[in-house]
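**Student:** The feature domain 'EXPERA' is assigned by Swiss-Prot to 61-204. Positions annotated as N-acetylthreonine by Swiss-Prot: T2. Taken from Swiss-Prot, the feature transmembrane segment applies to 29-49, 66-86, 121-141, 185-205.
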Amino acid sequence: MTTNMLPLHPYWPRHLRLDNFVPNDLPTWHILVGLFSFSGVLIVITWLLSSRVSVVPLGTGRRLALCWFAVCTFIHLVIEGWFSFYHEILLEDQAFLSQLWKEYSKGDSRYILSDGFIVCMESVTACLWGPLSLWVVIAFLRHQPFRFVLQLVVSVGQIYGDVLYFLTELRDGFQHGELGHPLYFWFYFVIMNAIWLVIPGILVFDAIKHLTNAQSMLDNKVMKIKSKHN
């Protein structure tokens, strides 16, 4: 391909040669509506289940947190799991999830390039944070004593992966997407990923608060027992 020819793909850097690229046959709105509709249905189902299945009553904030972890389970296990298995054929594949990743890659082409960091990060996310997110939901519904430990572990892991995701692209000079584009850069790359900093950040502090309170109660109980023995 000569330098004066326009690339036959929508990805950055524009000089990329992607011989296997097959354009999506689904429009952008179809892909986004499909993704957010399924996520919305999952949120509604989790919200209803959290009031009917939980062994103890849960407050509004806790039920919303469970909705978040239910969506995380779907995204980590299904969407990111799909990428982990099929990243090498995304460019030519026309399955819905492959087209979703080709659409998202307009904001970060590292995904259709099978970038080493991205593949490893997404594989870890799918294998660890996906199942553990589901475990968080179950742990809170069953009122298991380690529920806040799970919440803390998953949330810290999500933040860590997201920070590395942003910093590696910053180090590369934001060359894998059109910098400043309202949809591809600001929505796909910035907003959709910043969510995994904000919400897990809140949940980290929430878990720390509950674990600290539990430890304080245990310490006070131990001190009372010791004082009685003295």
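Using N, Cα and C of the backbone, Cβ positions are placed for all residues, glycine too.
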**Student:** Grab the same-chain neighbours of the transmembrane segment (185-205) for me: Cβ-Cβ under 8 Å, and only residues 6 or more beyond its ends, written as numbers and ranges.
**Tutor:** 65, 68, 104, 106-108, 151-152, 154-156, 158-159, 161-163, 165-166, 169, 174, 177-179
**Student:** In terms of Cβ proximity under 8 Å, which residues at least six beyond the ends of the transmembrane segment (121-141) contact it?
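**Tutor:** Counting only partners 6 or more residues beyond its ends, the transmembrane segment (121-141) has Cβ contacts under 8 Å with 46, 49-50, 53-55, 58, 62, 65-66, 69-70, 72-73, 76-77, 80-81, 83-84, 87, 147, 150-151, 153-154, 157-158, 161, 164-165.
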**Student:** Going by DSSP assignments with H, G and I as helix and E and B as strand, what are the residue counts for the domain 'EXPERA' (61-204)?
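**Tutor:** Taking each residue of the domain 'EXPERA' (61-204) in turn, the totals are 112 helix, 0 strand, 32 coil.
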